[in-house]
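*Asks:* Sending over a structure as structure tokens; questions will come in a sec.
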Amino acid sequence: MATTSKSTEDSTESKTEPTQSATISNKDQSVPLLEKNSEKINAAPEGSPPKEKIVPESTAPEEIKNATEKTTKQPPKLDDFYQLGRYTYIVCIFAELLILSQVGNMLYMTYAGAAPSLVSCGNHQFEEKTAKERCNALNGLLGDFKRSKSLGCDNSTLTWKSQFNSVNVEFGHHCESQLVKSTISYQMVGVIIGSMVFGYLSDSYGRKKIMLIALICCILCMVATSFTNDLISFTIVRFFVNFFNAGTMVILVVFTSEHYPNSHRFCLSNLITWSPNFVFFAIMAWAAGDWRILQRVSAIFALPCIALLLFLSESPRFLIQSRQIGEAKKAIIRMHKIDGRPYDEAVIDSVLEGLEKQSMESSNKNKKYNYLHLFYTLRFTRYTLAVAFSFLVVSLMNYSLLYNMDKLSGSLFMNGIFMGLFRYSMNLTIGFLDINVKRLGRKFAHFMADALAAFAISIYVVIYLLDLQHEYSFISRASILSVIGFCSILYTTNGLASNELFPTAIRNTSYSFGQVLSRIGVVLAPQLFVLGNIWELLPYLTLLVLAVADALFFQFNVFETKGKPMLSKFPSKEERIFYGRIPFRRRQEKRDVELLPREGKMIMFKIE
């Protein structure tokens, strides 16, 4: 009887344990693994007493946990294929060399348009503090025939001092610095047009192809600039330099954003940026000493970019968006091979098929997007206006101070180096904090940069109002140069926001639209200091108000994007702004109309 009882208990236990295991495994979605474990636990050789447990009691829950984590793990995403490796490093080298060329073209007139300082005329020494005051004194002296003759002062006895052999010096515009600075506005119109044209073309025909065309044409125009012999031809050729330079600028930000790993995107954008190239270009300008040589040296440094761009693949994100799934797969596999990383073609195919299906659902195959799609939804409209306004403000602040840097005390080259180092220190700081401080997002970085810029301008204004410019010349100069440094953070956050807030189909369009507003700011920047003719502090007070307005407008209209995957799907028409709210655009209700049967068939039409 005891034997029968024990067998019954064992039999009951054997029947109970699989049932419990099945219950647990159903709950945790790990049936195959646990059934296998149940067989191991309950199996016993013939003729031997049944074993109650082969594995420790704590092992089963651990296996359940591991199986659960495995089954509930998120499916792979496109961002998972981008890792920091050799391919990314090549992208970084390409970006650095191209940014040096871009910075050189945008800062070129800071040195090529630097006004010389009047030292003497005959026996007369000029002691006025500013170049404008000295030129006014010269005009007054030349207007007094007797005095100028007694001092031996005429146009042939003028002595000028210049830190750089600029076009002002070579073309004879010594006291016409405002005329030369006005040509900057005409040159920068090329940047506005280029931003619009190349942003649209790259979204339609590819990042790599269009950027290569813009780069080659830009280098040719840079060389042509160095052979001009008057201010008019110089301005015309520089217009085309900026037109093609804008093409490389507007595409490069999107191209690198689509190649950088998600977790390193903000950090790399701050490491490889304009700021250190301010220092490099200042050194190049100092070494060249002449505007013609400087332009040719800049063109030489841009040449390796052509070879690197030919080596790199087209952006897989663009290829997916344009339904070139096979090419996208090749590009992803090529990245893995260059990095030496293993890859699973089945996983890549699965991700690409999902993205292709998502893209098919969101738009037709031949759908073309334009700038109007940036205002497709209310959410997109708010993003677009906030980012575009911020680009306008930061360019006004940056370039109005930059193109008037020759008015600051000290060496033109040392000011450029100090400004570049300060900008880069800001980039490195914000990049370090972005990695180590989870809560530090794009919005907070943007707000702090605007706030610090406004504070620095306020310091300069207070020093001027207290008439302490000479006693605190270093502080006043450092405050203005630091504003240009804070602008670097604003450019970075604006560029990332314009890429991370919008889907792939209009990502480059959104950035190019922001660049249009940015270049309008560049065009207006040289004219901003004309307000100084009314009151010397008026340009600075204008910048102060704009910085505060930008900080508030951006905060209330942009959502945080840090750590979130980049969008791929374009909104449906139901999300369109004013959809179904405007009377003459309201949808007619769909209704089915039954027609007479023909050949024994019932035909149904939907009338919209």
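Backbone N, Cα and C define each Cβ position, glycine as well.
All TrEMBL annotations are machine predictions without curation.
From TrEMBL, here are the annotated features:
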{"type": "REGION", "residues": "1-76", "note": "region 'Disordered'"}
{"type": "COMPBIAS", "residues": "7-16", "note": "compositional bias 'Basic and acidic residues'"}
{"type": "COMPBIAS", "residues": "20-29", "note": "compositional bias 'Polar residues'"}
{"type": "COMPBIAS", "residues": "62-76", "note": "compositional bias 'Basic and acidic residues'"}
{"type": "TRANSMEM", "residues": "87-108", "note": "transmembrane segment"}
{"type": "DOMAIN", "residues": "97-562", "note": "domain 'Major facilitator superfamily (MFS) profile'"}
{"type": "TRANSMEM", "residues": "184-201", "note": "transmembrane segment"}
{"type": "TRANSMEM", "residues": "210-228", "note": "transmembrane segment"}
{"type": "TRANSMEM", "residues": "234-255", "note": "transmembrane segment"}
{"type": "TRANSMEM", "residues": "267-287", "note": "transmembrane segment"}
{"type": "TRANSMEM", "residues": "293-313", "note": "transmembrane segment"}
{"type": "TRANSMEM", "residues": "383-401", "note": "transmembrane segment"}
{"type": "TRANSMEM", "residues": "413-435", "note": "transmembrane segment"}
{"type": "TRANSMEM", "residues": "447-466", "note": "transmembrane segment"}
{"type": "TRANSMEM", "residues": "472-491", "note": "transmembrane segment"}
{"type": "TRANSMEM", "residues": "511-531", "note": "transmembrane segment"}
{"type": "TRANSMEM", "residues": "537-559", "note": "transmembrane segment"}
*Asks:* Averaging the per-residue pLDDT over the domain 'Major facilitator superfamily (MFS) profile' (97-562), what integer do you get?
*Replies:* 84
*Asks:* Which range wins on Cβ pairs under 8 Å with the transmembrane segment (234-255): 87-108, 293-313, 472-491?
*Replies:* 87-108
*Asks:* Can you tell me which of 210-228, 383-401, 447-466, 472-491, 511-531 gets the most C-beta pairs within less than 8 Å of the transmembrane segment (267-287)?
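*Replies:* It is 472-491 that shares the most Cβ pairs under 8 Å with the transmembrane segment (267-287).
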*Asks:* When only pairs 6 or more apart in sequence are counted, do the transmembrane segment (413-435) and the transmembrane segment (472-491) reach 3 or more Cβ pairs under 8 Å?
*Replies:* yes
*Asks:* At least three Cβ pairs under 8 Å linking the transmembrane segment (511-531) and the transmembrane segment (184-201), pairs spaced 6 or more in sequence?
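*Replies:* Contact between the transmembrane segment (511-531) and the transmembrane segment (184-201): present.
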*Asks:* What same-chain residues lie close to the transmembrane segment (472-491): Cβ under 8 Å, and 6 or more beyond its ends?
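*Replies:* Distant contacts of the transmembrane segment (472-491): 273-275, 390, 394, 397-398, 401-402, 408-410, 415, 418-419, 422-427, 430, 445-446, 448-450, 452-453, 456-457, 459-460, 463-464, 543, 550.
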*Asks:* Which one, 184-201, 293-313, 447-466, 537-559, has the most C-beta pairs under 8 Å toward the transmembrane segment (87-108)?
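*Replies:* Between the stretches 184-201, 293-313, 447-466, 537-559, 293-313 has the largest tally.
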